[in-house]
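Below: the structure, in structure tokens.
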Amino acid sequence: MQERSYKKATGGFNMLLWVASVASLVGYIMEKQEYGEETKADNLYLAITLATVVTITGLFSFYQEAKSGNIMSSFANMIPSMAHVIRDGRLIDVKVEDVVLGDIVEISGGDKVPADIRIFQARGLKVDNSSLTGESEPQTRSPEFTHNNPLESKNVAMFSTNVLEGTGRGIVILTADHTVVGRIAALTAQVSSGPSPIAKEIYHFIHIITFVALGVGVTFFVLSIIYGYTMIQALIFFMGIVVANVPEGIVATVTNEDFSVPLPRREVSGDASETAIMKYCELILGNGGTQKMRDKKPKVAEIPFNSTNKYQAYETLGGFGERVLGFCDLEMDPEKFPQNYVFDTENPNFPLTNLRFLGLMSMIDPPRPGVPQAVQLCQSAGIKVTELIEDDEEAPENETFGKGRLQATKAIIIHGEQLKQISGSTLKEIVSHYQQVVFARTSPAQKLQIVEAYQLTNNVVGVTGDGVNDAPALRKADIGIAMGIAGTDVSKQAADMILLNDNFASIVTGVEEGRLIFDNLKKSIAYTLTSNIPEIAPFMCYVLLGIPLPLSLVAILMIDLGTDLWPAISLAYEVPETDIMQRPPRNPEYDRLVNTRLVLFSYLQVGVFQMYAGFVTYFGKILAQISLDK
């Protein structure tokens, strides 16, 4: 904390201002010793003002950074406090940190899994793996070994996942940092996020101004000594050059941006398939017809859909059409199943085969409204959209192509198992060659590998995610974007930005806003730099030509903070150009926030005009005063 506070107080332009503040204080002390009580307090006021500006700027920056918490604390919040362990034939509660390899653990609905365990006994056991694998459906756990990947095998329950229902027992196979979540936490901690693209541009700008300010300041300090000025006067010239070059109000210009995205209209919540059926019933039966049908034919039992059965049974049956047809042709005998018959869904006491086919309803699962248009807008703006999904390799090919988001000739689908066999150089060629890439069933380490491959091909990478398994990729990306609604605390802490409405279309709006911010910040900086030449020129003329000094240091500071600041901030609210999303992404190596062209325009074109106007006004006033005196 102390180190971070020190960096905020001395980073960026603050170090230059501290130097100028100390120099002003030294100058005041030297003048005080030489002139005594007749010494003017201008340098003292300047030192206090500069120190105040630096302190406020540092506190503001520190506050912004302190709002984001520690990522590792979010992982710590996932750890359950107690575990139910069988030792010496007795079920006891122990602290999670005391659980060891080989312990027999008992879990039930509402518990958090205290370690990675292999299930050997289960009764209706289901866990929530969404934070680890992205699968939103509850995952059944049983003693059956189904896959070599422990994340996908039914007989393994992962540390920190929630038990939704049922009971089970298992043997501890991994604990603490060796668990899957522990390894993800270690991987996230090892990843260096680095500064954001706009932060890199600001640092580049700071380096340029620092070099100019110190270079010119030291040069004129030496020239002042050579021309016979006193040490105090030379020090004042040095401070004047530094203060004139540093844009003291630039922090307010950079941070004064307001960006909000309206939430889309929401009408329904819950299971999407059930919602679609309800909408269809309302259209067919009319207003109130659905409730009448419910009253007439009440639901007496339900078997939820799962990936094993691939059907969902109510009093009517719903699920995969071709699967359902295989059950058909049964009329339930009212004598065997009277009006008050109790249906048991755990141990079915009713037929599940030879049911009667009454009808078929088909549904499509389109993307969210605005998403296809948002993807097209990304492509027109030169942005590649890569999908990392949790389905098997067949699913994205059937669904994504059907939704029109991928073009078969320019797209490729890679499964996580295939990615294991691909070298880093081959992966770089793939992400460079194909315009659209879909990765299915990838691990956290593979997601990190994909992000690094794009970055190695000179791309600025943005990553969206909501789970613990996304944290390493979110942290590594140039811009990590976490989901505000569905996102875990870990993903939010690892990200640079939180999407409040979980809508991809809002990201495109954010890209447009980011381009607008970059353009407007460039305008603000150009405007701010134009005043440097007319502020430096009086000191140059005073040193080299002996012309009376038109501007004091305090006057320069008041110009920077009083008059330059507000127009610079107003430029941050400029509306975007009409073609802002038709432009290709800028090249970060050449199209910088502050480049040679902008510096020459600000200093040698607009700055020279302002200097000329200032000197004309200054000398005009002097000549007019001389005329009046005569």
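Here the Cβ of each residue, glycine as well, is placed from N, Cα and C on the backbone.
TrEMBL labels come from automatic prediction, so no person has curated them.
On a predicted model such as this, the values are computed, not experimentally measured, just so you know.
Quick look at what TrEMBL lists:
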type	residues	note
DOMAIN	77-188	domain 'P-type ATPase A'
DOMAIN	548-620	domain 'Cation-transporting P-type ATPase C-terminal'
REGION	130-149	region 'Disordered'
TRANSMEM	12-29	transmembrane segment
TRANSMEM	44-63	transmembrane segment
TRANSMEM	205-229	transmembrane segment
TRANSMEM	539-559	transmembrane segment
TRANSMEM	598-620	transmembrane segment
What are the DSSP helix, strand and coil residue counts for the domain 'P-type ATPase A' (77-188)?
20 helix, 48 strand, 44 coil
Please indicate, using numbers and ranges, the residues of the same chain that are 6 or more beyond the transmembrane segment (539-559) and have a C-beta under 8 Å from a C-beta there.
24, 42-43, 45-46, 49-50, 220, 223-224, 227, 229, 236-237, 239-241, 243-244, 248, 531, 614, 618
What is the three-state DSSP composition of the domain 'Cation-transporting P-type ATPase C-terminal' (548-620), stated as helix, strand and coil residue counts?
43 helix, 0 strand, 30 coil
